[in-house]
Amino acid sequence: MLLIDPSKKICFNRCIRDGDLAIVYEKHDTMKAVKVCENSVFQNRFGLFKHSDWIGKSFGSKVFSNKGGFIYLLAPTPELWTLVLSHRTQILYIADISFVIMYMEIVPGCLVLESGTGSGSLTTSLARAVAPTGHVYTFDFHEQRAALAREDFERTGVNTLVTVGVTDIQGEGFPDEFSGSADSVFLDLPQPWLAIPSAGKMLKHDGILCSFSPCIEQVQRSCETLRLNFTDIRTFEILLRTYEVSEWKMDCSKVEDGGSVSPPGKRRRQSSSEGSVRDNPSCPAVMARPSADARGHTGYLTFARLKCIS
Amino acid sequence: MSESKPESGPVINPRVTWEGCSVLLDINDGDRLVFARLSAGSTLKIGNKSCSLQPLIGCTFGSLFQVEIGKEKPYLSRFVPPTDDSNVQDEGGSQLQEESRDNRAIIDNNQAQTLTGEDIDAMRRQGATGNEIVEALIANSATFDKKTQFSQEKYRLKKQKKYAPRVLLRRPFCRSICEAYFKKYPARIGFLRVDALSLLLSMANATANSDVLVVDMVGGLATGAVAERLGGSGSVCSTYLGGTPYPTEIIRMFNFSDEICKTIMLFKICTFFHFSSEFCGVPSMTCAQFKMKPVSESANMKMTIQWREKTSLSVGTEDVYLSSKNGDTDLVPENKLSSSSKTCKAPKAGEKAPKQAIQSWKENGFSSLIIAAPEQDAWGLVKDLLPLLTYSAPFAIYHQYLQPLATCMHNLQLEKMAIGLQISEPWLREYQVLPSRTHPCMQMSGTGGYILSGTRMYTDTSQS
């Protein structure tokens, strides 16, 4: 997935090969991660797809089933991965992920500590941000989840940039070997204030900590603990509103001020070559409106910088 | 787990200032933000006095300084805040007592303070420090003890900001540069808020070893942000319509190393078409022919004019806008500072793209596209640039207004050029978190713009 090896760049000449990870796109909210295998098949409601048909085609191609239905094959990116990965825990989505990476000032070469790993959604994006010379050390206290995460990182090809450890960070803190060497620390724990002192020891001066908590009480306790050794403490909430777009066919005859717009589909749009009837420039044919479904809350993001004492 | 102590890669984000580096000075905890270039001669104006910035050279980013008004001149001295154990305990202790005071008896008639301006000047002449003056003001205030504890804290903080202002030395990073501009000159960056910028970078998968095509009409902020994410590998092709490249003064504030600067290249769109027509079946266009194709010519003209008017309006009202801390923010314009010292020139980014790079882009296509052209017709740009992307490449387009993106999305669907299309509007709110006083901040940004994202499909030009 990640372009650590420039020869594996996705480009015009690069085709799907046996063993590649592909994202099968059925429609906007229906996608699946599939490993391409010479002899395998993929089945869905559009029919049966042979992987061998896929090999040799470009990513982004349309491929057909035995019944004539089709899907698209996309190259994996951390964003697509977040949408298709299997949820073992609640995950972070693109709005929080992109804000965290920006606000923690993560650039190539950084060393980032994370706990807990969960399903590895954020971890994959962190790996992208630190590539090719940085590293992400992520910890989870659940052995099975850590193992599944390791498998996922191998599948997506970020395993050279991510190391998964099984440790109870809340109880024991981060391992001493990282003291003073982390550029950023990310916490997604039920009681982050227990891990904050240890995080403070791991960070370089002016390094940034971020804590993600769904509940405001957690945020309050975390901020109290942060005030001891951290500065520039800020808490945010970020959400994404999506829009739907549709085309309206409307009567565009010239009307007096306050003209009405007829409902879609009722009348046909008159041709603009007729002299008497002109397109009313204030009635666009394409309209956008917010989607009916919206996310109300994911969690609060608290950022802080380690104070410089020297 | 690794045995040896892990080392991060080459020093891309140095943590200590050097002569000639650009810095962001945060005065009084976010009240005022100033960009500056550190040199022996540069100064900072606080209140009506100027302090030299020389003491800041060679210090760690994140260091705090306090303005001391000495007998001769004000100067910046390194300030190490005491570890706040005692403060926190006090807070905890007094929270247990119920706050019995309130402000019913406090009358605001400007007579509570018995120290006069002359008294304070006299104290200064005798060498009193800023903190001593603050304590004296508190001691001489008749109403101080009647105030609630929160009110007392607020009072102390207010006096400290005036008589002992603090300056925090910050590293200019994409985040702080974007926030500073959004606060003071949002029109220059097309009202691109920091979360919208972060979404652009994620959605377009800007990462090491990628070749990103950027249309940057937001002062260079988008180009700089992408180059920061690339960290010296891959390339950023900054392209432009017409004769002259767009202004990119913001790139200089990033403190990019030579390695990173080399990845930022300029390339003109119409030249591109002469090349790509051989590969992608896109008809070659001359400069003159390359125009936005709006619904109707006049409609497009009207829209452009309206946008310009809107911009000047918003700059006017922006001056009145108060930051959430009720302070003034200003950014020292870059050209004012560059004259201060000839030895402190930033390495130059945005050289013309070398043949090698152009060849590579031709053969491989770009791995993603970012458009931040908040006053242009989105579809006009996208339909000509999308074919230059490699297949399955993601793109993200930012716009201040929803309609151009809706039209663009619709057209992309009709022309079957992209899938996974989505228009998103980011919403961001900050919280004040204090004991017994936690709530969202009183002020928030109304809009950070809209983003259209998607992935380019493979178009087989041999079939129809």
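Residue positions begin at 1 at the first shown residue.
Cβ coordinates are placed from backbone N, Cα and C, and glycine is handled just like the others.
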Need one residue: from A:Asp53, A:Asp168, A:Asp232, the one TrEMBL lists with A:Ser119, A:Gly120, A:Ser121, A:Leu122, A:Asp140, A:Asp188 for S-adenosyl-L-methionine.
A:Asp168
Neighbour count, 10 Å Cβ-Cβ cut-off, for A:Asp188 (S-adenosyl-L-methionine binding site): what number do you get?
24
For S-adenosyl-L-methionine, whose listed binding residues are A:Ser119, A:Gly120, A:Ser121, A:Leu122, A:Asp140, A:Asp168, A:Asp188, the greatest C-alpha pairwise distance in Å:
20
Would you please pick out, from the binding-site residues A:Asp140, A:Asp168, the one with the fewest other Cβ atoms within 10 Å of its Cβ?
A:Asp168
Assigned element (helix, strand, coil) containing A:Ser121 (S-adenosyl-L-methionine binding site), judged by DSSP:
helix
